[in-house]
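These notes are about the structure you will find just below.
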Amino acid sequence: MEGSQMAIKTVGVVGAGQMGNGIAHVMALAGYDVLLTDISQDALDAALDTVRKNLERQVSRDKISQSDADAAMARIKTTLTLTDLGPSDLIIEAATERETVKQAIFEDLLPHLGPETILTSNTSSISITRLASRTDRPEKFMGFHFMNPVPVMQLVELIRGIATDQATFEACQEVVENLGKTAASAEDFPAFIVNRILMPMINEAVYTLYEGVGSVKSIDQSMKLGANHPMGPLELADFIGLDTCLAIMNVLHDGLADTKYRPCPLLTKYVEAGWLGRKTGRGFYDYRGDVPVPTR
Ligand code: CAA
C-alpha cells in the first residue's frame, strides 16, 4: 500500500457485548486476526459462545463451510488487558455508549498504540470530531458504525471527523469491502444517517402508543404489514435496547436543539423501570415466557 496507508491484518475490538461479538465474528470470518477485550471474563466467554453459535447457524444454512467457521473461531483471541490491543492495525471501540467510558478507554490505550494504528469507534451517536480531538491522532480516528445483528446487516456507516484524513477513510473502506459489506459515508452530525432517520420513527411509534392511537400489537403489525418493515418499530426498539434509543434521542434533541426530537415520556418511563427490551427480559414486550407478550 502507498503513502501512510497500510494493509490492515490485525483488529482489536474493545467491548464484547452485542456489537463487539458481532464485529469480532465478521472480522474473523473475513480473515483478520482479532483480539477482543472486555473488563469481565464472563463477558468474553459469553461473546465467544455467541460467535460460535452464530457461526454454526451460518454453517447450518449453508452460508459458510464448517472449515470457514473453525478458522474464524481460531482467529479470535481474548484478553482482559486493554493495552494488549495497542499493536493492532485497527482498533474498533464498541464499549458502553457513554462518552466518559469511551474517553477513559482511549486515554488508557493511547500510550500503547503503534504509530500507524487506526483508532475507530462504533458509537451510534457521539461526535467523532470531539472523541478524536482528545486523542493524539485525530487524522487516524473515525467512526466505524455497524448495524445489529452485525453478521446479517449489510451496512457499515463510516463517519469522518473534521480531521480524519483520506488514507484513514480509504483503509476503513477497504476493510468494509473485505467484510462483503457496503460502506455509507456519513458526515459527523448527531446520530449520523441511520439513527437520524430510524430513531425519530421509533420515538414516534412510542408517542403513537402513549397517545392511545394504537396498541403495541397494532403499531407493530401496521409497520410490518403496511410498510414491509422486517420488525415493527416497538419490537425493533426492544431489540436495539430502550436505553440506547433514549440516549440517541437525547443526542438528537441536545445536538440539534429542535423540539421535534423530544424523547417520548413513555420511552423515558420504560427506561426508568429498567425495562430496556430483550436484554432485560422486558420492554414493549415481555420476553420471559415462550412467546413475547405486549406489555401495553
Ligand atoms: N448471526 C448470524 N446470522 C443471523 C443472526 C446472527 N446474530 N441473526 C439472524 N441471522 C440470520 C439467520 O440465520 C437468517 O439467515 P438466512 O436468511 O440465511 O436463513 C437470517 O439472518 C434471518 O434470520 P431469522 O430467520 O432467524 O429471523 P428473521 O427473518 O426474523 O430476521 C432480522 C431477523 C435479520 C434481525 C430481521 O428481523 C431484521 O432485519 N430486523 C431489523 C434489524 C434492524 O433494523 N437492525 C438495525 C438496527 S439499528 C442499528 O443497529 C443502529 C444503531 O446504532 C442502534
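Glycine residues also receive a Cβ, built from the backbone N, Cα and C atoms like all the rest.
Feature annotation from TrEMBL assigns domain '3-hydroxyacyl-CoA dehydrogenase NAD binding' to 10-188. Marked as NAD(+) binding site by TrEMBL: GLY15, ALA16, GLY17, GLN18, MET19, GLY20, ASP38, GLU97, LYS102, SER124, ASN148, LYS279. The feature site 'Important for catalytic activity' is assigned by TrEMBL to HIS145. Per TrEMBL, domain '3-hydroxyacyl-CoA dehydrogenase C-terminal' is recorded for 192-287.
Between the alpha carbons (Cα) of GLY15 (NAD(+) binding site) and HIS145 (site 'Important for catalytic activity') lies a span of roughly 14 Å.
Across the fold, the C-alpha of GLY17 (NAD(+) binding site) and the C-alpha of HIS145 (site 'Important for catalytic activity') stand 15 Å from each other. Screening the binding-site residues GLY15, GLY17, ASN148 for a C-beta under 6 A from any atom of ligand 1 leaves ASN148. Summed and averaged per residue, pLDDT over the domain '3-hydroxyacyl-CoA dehydrogenase NAD binding' (10-188) gives 97. In this entry, GLY15, ALA16, GLY17, GLN18, MET19, GLY20, ASP38, GLU97, LYS102, SER124, ASN148, LYS279 make up the residues listed for NAD(+), with the farthest two CA atoms of the set 21 Å from each other.
Secondary structure of the domain '3-hydroxyacyl-CoA dehydrogenase C-terminal' (192-287) per DSSP (helix as H, G, I; strand as E, B; remaining residues coil): 66 helix, 4 strand, 26 coil. Comparing Cβ neighbour counts within 10 Å across the recorded positions LYS102, HIS145, the minimum falls on LYS102. The two recorded residues LYS102 (NAD(+) binding site) and HIS145 (site 'Important for catalytic activity') have their Cα atoms spaced 14 Å from each other.
Ranking the binding-site residues GLY15, GLY17 by other CB atoms within 10 A of the CB puts GLY17 at the bottom. Same-chain residues at least 6 positions away in sequence with a Cβ under 8 Å from that of MET19 (NAD(+) binding site) are, in sequence order, ALA94, ASN122, PHE146, ASN148, VAL150.
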